Each structure stands twice: as structure tokens, then as C-alpha cells.
């Protein structure tokens, strides 16, 4: 039986429509929203899917750690609700040992052990890791270290057996994100100056291997793939850079498609895809299984490298030619310094990472074919402010959380592949 047009649906029908919207699995290639979890009283800073379980662990600025389990009704309800002394700012979970490490706004990292049925959480110890907000945590079970970064401008590593501080390294600005190579004990630390530092951690010391500079804004997230030895970084300049660490040739690839700060990254090694989320709710899936080109370094010149008209600071040539100086621009494809007249056109160029239209010189515009403009990424709307994302690659699930206090669980298999667990090619 249908309802007459123009009349509002009864409450039961509205709820049924909402359930259908969340749980339906359309054939279109976009993320499918499976569940929405609400209940936190402040921004959710971290959300992690529990492997092989229908469960999620969340940490929030409302000072709570919660473990949500899916009930027979299909809804997620908190089986653990623990209140901390300070807002929760970061979290790490090791499933085999069921250990949770929670970073707080006061600089402390607290360790808990979760029961096998995920209904109880026991406090283990507190690590005095930082003097200010903890921004990222990684637990190495082999080294028995808990490694963390903080707004006290340092990375610290502490012994999980004794709880003692093993070492610290300080930076010139807030340390914002962290990745770690478990085999080599290399740590990658991004900071608010836009720099990434590669450190070799030892038991009681560390050494700086190199620094990576390429972003024009603070580093918000990092992802390290130890198989291909690729480092991905996202920043407040709305861009992503892929650093080919294993290639040892300094190769970098620029990816531009987000319109806001890039908050989270996850590289899917089996399907060679990069998933990224931005603070405006944008979800992007980048095809990295194609031959991409490096964006050129911008060239500097005192005059347009196309028409040779002087730029406005080139007083001598302006005087000699009795012409007004022009403003300098740069072609994103060739990197040449050009004037506005010689770079009046715009084009996307996905093979170089430019998914939206950017300035190119007239000759480069003419050289770009229609097939060169074919997108190498797909873009989707998360419809909430995303501050953190994590994936269960084996099941093709993704969880996002943000300042709107909502946690969303997504089925990503329509976007990233038929079966990530078996390594089939993307659909």
C-alpha cells in the first residue's frame, strides 16, 4: 500500500526508508554506508575496526573510550564505556594481544587490555610520554615499544615492559603524525612546518636519516607501505605526495583532487590504490597502478619564457623596452615561468596528479589530448567532517569519524575491488 502524494510519511515508514538508505547496496561504484554510530558528546578523534569482529573502538574529546559491538538488531551499542581524566587525542590497537593505547590531551599515553568478549577493559599502566597533546601512537610488539608524537614538538619511545622512557627527539614545530617501519625501526614524523623527518630509532638514541620537504602546509597524515617502500603524506595544502623511498632516486608524485585538508590515508598494496579522506568529507580513491609523471620544478625567470615580456621586477628590461612589467605565473605541466596572456587556459592532467583544472601554458594545453584528461581517481562524499579514517582491508570496510561526533562504517568493495583478501583485481 502506498501513501498519497503530498502527505508526510508515518514515523515507521521514515525509519524504514532511513534503514534502506544505510543498508542498501546499489550497483554504482561508490562507498556504501552500512552503519552510523552516534552517542559521543564531542569530536571523535579516532575510530578503529576490530578485525574479524563486528565491532569498533572509538576515542573522543569527550574523554571516553568506547567499544561498540553490533547487536542482533543491526545497531551498534557500547559494550565498554570508559571515562578518562583528559580528552582522548590518539589511539592504537593491537588485536592479537588486545592491547589499547590511548593518547590524551594532557600528554599521557594509557595502556589497557580488553577481554576476549570485548565486554571489559582493564587498566595496565600510564606512560608519561609528552608534556602536551598526543597526536599519534604506534605500538611495536617486537621491540616492546610504544612510540608517540605530540604537540610538545617531540617523538618519544617508551618501553612497554618497564614503562620507562627510552628516547626522545625534538623538532622545531608540533609533531602531528607518525609512521613506523617495524623491520628497520625507521620512524617517519610529519610536523606543522610541512616537513617529514626520517629517524632511525635505537634502544636509547636515534639518528636523523633525512628530511623530506614538498608540502606548503602542515603535515596532517602519513602512510607507509613497507612492501613497495612508498611513503604517502597528506597536508593542509589539500595535496598528497607519494615519496618513493625504496627507489632511492628522490622520485615524488603529486596528487591534487581534494578541496580541503587531507586528514587520513590508506594504501591498498594488493590493488595498488590509495584511499584518502579530507576534512570537508571528501573520499578519494586513487589508481596508483598506472604510469604517472612527476610534476616539474617551477622555473624562475625575469621575463616570460614564452613571449619574453619582462616581469614587473625586471626594471631594466621594462625601461629598455618601454613596456609595463607583467605578473609571473607557472605552467603546471612544464614548470616554465609565463605571463597571464601565455597561460590563459586551464586543463586537468591526471597523469601528473592534477585531477581538477590548473593553469597551463598555451603550448602545453595544445599538447594535452582528450584521453590525457581521463580521471585516474574517483571522488565520493562522506557527508560529514572527517578527522580520521581507518580500514579493515581484508573485509573491504572503512570507518570514518569527525567533529560532528558521528562514526560511519562503509563498504568500500564497490570502489576498491571485489575481494581485497584474495587480491583480485578491482571490479
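Glycine too: its Cβ is placed from the backbone N, Cα and C atoms.
Quick look at what TrEMBL annotates:
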DOMAIN    298-369  domain 'FYVE-type'
REPEAT    37-68  repeat 'WD'
REPEAT    212-245  repeat 'WD'
REPEAT    255-296  repeat 'WD'
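Long-range neighbours of the repeat 'WD' (255-296) within the same chain, counting only residues 6 or more positions beyond its ends whose Cβ lies under 8 Å from a Cβ of the stretch, are 31, 217, 220-223, 225, 227-228, 230, 232-236, 238-242, 332-335, 351-356, 358, 376-391, 393, 398, 400, 402, 412, 415-417, 420, 423, 425-426.
Outside the repeat 'WD' (212-245) by six or more residues, the chain places 173-174, 176-183, 188, 190-198, 251-256, 258-267, 269, 274, 276, 278, 286, 288 with a CB less than 8 A from a CB of the stretch.
Under DSSP, the residues of the repeat 'WD' (212-245) split into helix, strand and coil as follows: 0 helix, 21 strand, 13 coil. Under DSSP, residues within the repeat 'WD' (255-296) fall into helix, strand and coil as 0 helix, 21 strand, 21 coil.
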